[in-house]
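Q: To start, I am sharing the structure in question, which I have written as structure tokens.
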Amino acid sequence: MDSQYDKLSQQQIKISIAKPEAKNFIKDNDALSVSCTNSSSDTSREKWGKEIEFLFSCIALSVGLGNVWRFPFIALENGGGAFVIPYIIVLLLIGRPVYYMEVIIGQFASRGCIQAFDMVPLMKGIAYGQVYATALATTYYACVMALTIKYLIASLSEILPWSYCQPEWGPLCISTAAFNHTHLNNTLLGKPTSSAELYFTKTILREKDNIDDGIGLPNWDLVLCLLSAWLIICTILIKGIRSSGKASYFLAIFPYVVMSILLCRALTLPGSLNGIIYFLRPQWDQLLNPNVWYAAITQMFFSLAICFGTLVMYASYNNFRKNVYRDVIIITSVDSMTSILAGCIIFGILGNLAYETNTHDIAHVVKGGAGLAFISYPEAIAKFKYLPQVFAVLFFLMLLVLGIGSNIGMASCVITVIKDRFQYLPHWLLASGMGVVGFIVGLVYTTPGGQYILNLIDYFGCSFIALFLAIAQLVAVSWLYGVKRLCQDIEFMLGLKTGLYWRVCWAIITPGLMFLVLIYSLINYQPLDYKGVKYPDAVYNFAWLIWAVGVGQLPFWAFYTISQQSGKTFKQKLHLALKPTNNWGPLEAKLLDEYNLQRKSFDYNDSLTLSWRSRVYDNIFG
């Protein structure tokens, strides 16, 4: 691809001798290049206070609520211990290669994810769509933090409020402290419900049976918790990347302190070993089930927070020569090990719950997703004979810290994009504005129908958008920009040769597997529901509109970018839109000059004379 650009440049130079207007055209482009270079040299960018802050911040970002409440349940549903095998394979073939790619791009460009796509201007809409999805995720992630704060405060009570029934819950409520399945089987009046579940749905959420008549008004106790969550986020963000870097020490390390305490406690509980064995027992027949591989890919994708723009943003604050290869290996390994560790803790305690309730079916006491964190786990803690409040405080404090770490990264991504565009705006103003907007939007999740909306936004506004844009990103970087050039950039920046494993994954395996996931998702698509309740048609239409706005960024910015090019024909404009901008490269002027000099010194083959097979081979192995 690069040799095509060089040949075109040589042809333009030859033409410029005969045609003054062509000469003027090239002269204008050179002037633009100088202007862009000068502007880049005048641009100063914050850096991490210490290099290790990048490592801790990425751990705090990637290790989040999904590791604690999503992975254990997903693993249990998809083969238990056998699920670890496809999970590790997916880590090696998708998670780690994409993580390394994004970190490299961010550090090389020293720009946020929008400007990082100056490498392929035509595809800049990918970054806009990712920031859009990240902004939506930030709003509902803060709401989950609000729920955690509510539970954290409730854990300070003399008696845990979810351990006993309240009169307004009716006769079908079964006190968690006396929860016994023999009691359940003898109840003939209807389906009994534990006090832990009723506390979550009736007291905390005040949840509606459906949203046919609207979502209702905000619950003001949750509003105050949401306000507290955003105050915490803004306090950390307000001084920029250096303040969040300092906070990363606590945000990354503290959850592991709590996990160690909870693991020790779990292992001392009767029945806990049965729960851990139940969690890790391999179901080998599940390895042939495509659902298991689909679950592993989606879990890895969202657990590592890849293709959301946040990693590019964090890496953009690194020193240009920082060797991030080791960091990527550490972060991706820690994330996966944390998921398994969290599973052992959760199921050790759920094994104790099954023991206390005289049931051999541990799956019967497990609820997935938020239910695992806010129903099953509190229910198990309520049965602790000694100091249940202490372990409740530790657990919800851990969840809060995990949520803060992830939300700091997502909010920083949005702020960085705005700051890269409007550099004169003070950081405290951007952080405050982010907090105000996030709080106002988040009010919708504090209503009695808020969980319906959260479920909708999570799927249509984040997951489904990210899947489409991830494939586009992999194609843009690996084939439009080129694996070959990306590896040359790595060698210029780090002095490292890129191995065959990375090249093949970037070019073929990773985008191929992601494409198969997309096809599988579309084939097996079912209208989204919440706890088996369908949404009104108008809500579905609104959800698809949210999705269209995110994915629609790609064609919109593609057409806009093409229209802004200086070529006379559509083909010329398209060609220029596929080419990196004049100032693409390191942000520092001296490094940019060295990079441009190196680019000119490369001896490219003339790919215009090569067959498509030869061009493919050259991109991967050249």
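Yeah, the Cβs are placed from backbone N, Cα and C, and that goes for glycine too.
Curation does not apply to TrEMBL; its annotations are automatic.
Quick paste of what TrEMBL says about this protein:
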| type | residues | note |
| --- | --- | --- |
| TRANSMEM | 54-75 | transmembrane segment |
| BINDING | VAL63, ASN67, SER303, LEU402, SER406 | Na(+) binding site |
| TRANSMEM | 81-101 | transmembrane segment |
| TRANSMEM | 131-153 | transmembrane segment |
| DISULFID | CYS165-CYS173 | disulfide bond |
| TRANSMEM | 220-238 | transmembrane segment |
| TRANSMEM | 250-280 | transmembrane segment |
| TRANSMEM | 292-316 | transmembrane segment |
| TRANSMEM | 328-350 | transmembrane segment |
| TRANSMEM | 390-418 | transmembrane segment |
| TRANSMEM | 425-445 | transmembrane segment |
| TRANSMEM | 457-480 | transmembrane segment |
| TRANSMEM | 500-522 | transmembrane segment |
| TRANSMEM | 542-562 | transmembrane segment |
Q: Would you mind reading off the Cα separation of ASN67 (Na(+) binding site) from CYS173 (disulfide bond), to the nearest angstrom?
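A: Spelling it out, the Cα of ASN67 (Na(+) binding site) and the Cα of CYS173 (disulfide bond) are 31 Å apart.
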Q: For SER303 (Na(+) binding site), which residues of its chain lie six or more apart in sequence with Cβ-Cβ distance below 8 Å?
A: SER62, GLY64, GLY66, ASN67, ARG70, PHE71, GLY95, ASP335, SER339
Q: Which sequence-distant residues neighbour the transmembrane segment (81-101)? Criterion: at least 6 residues beyond either end, Cβ under 8 Å.
A: 74-75, 279-284, 286-287, 292-293, 295-297, 299-301, 303-304, 306-307, 311, 324-325, 328-329, 331-332, 336, 339-340, 470, 474, 477, 486, 502, 505-506, 509-510, 513-514
Q: Can you give me the residues near the recorded Na(+) site, meaning same chain, not VAL63, ASN67, SER303, LEU402, SER406 themselves, Cβ no more than 8 Å from the center of the site's Cβ atoms?
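A: Surrounding the site, in chain order, are LEU61, SER62, GLY64, LEU65, GLY66, VAL68, ASP335, THR338, GLY405.
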Q: Between the transmembrane segment (250-280) and the transmembrane segment (131-153), do 3 or more CB pairs sit under 8 angstroms, pairs being 6 or more residues apart?
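A: Contact between the transmembrane segment (131-153) and the transmembrane segment (250-280): absent.
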Q: Going by Cα-Cα distance, which of the binding-site residues (VAL63, LEU402, SER406) sits nearest to CYS165 (disulfide bond)?
A: LEU402
Q: With Cβ distances under 8 Å as the criterion, find the stretch in 54-75, 292-316, 390-418, 500-522 that has the most pairs with the transmembrane segment (328-350).
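A: When the Cβ pairs under 8 Å are tallied, 54-75 comes out ahead.
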Q: Within 10 Å of the Cβ of LEU402 (Na(+) binding site), how many other Cβ atoms can you find? Include all protein chains, please.
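A: Summing over all protein chains shown, LEU402 (Na(+) binding site) has 28 other Cβ atoms within 10 Å.
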Q: Do the transmembrane segment (292-316) and the transmembrane segment (500-522) come together with 3 or more C-beta pairs under 8 Å, pairs six or more apart in sequence?
A: yes
Q: Could you tell me whether the transmembrane segment (500-522) and the transmembrane segment (425-445) are in contact, taking contact to mean 3+ Cβ pairs under 8 Å with a sequence separation of 6 or more?
A: no
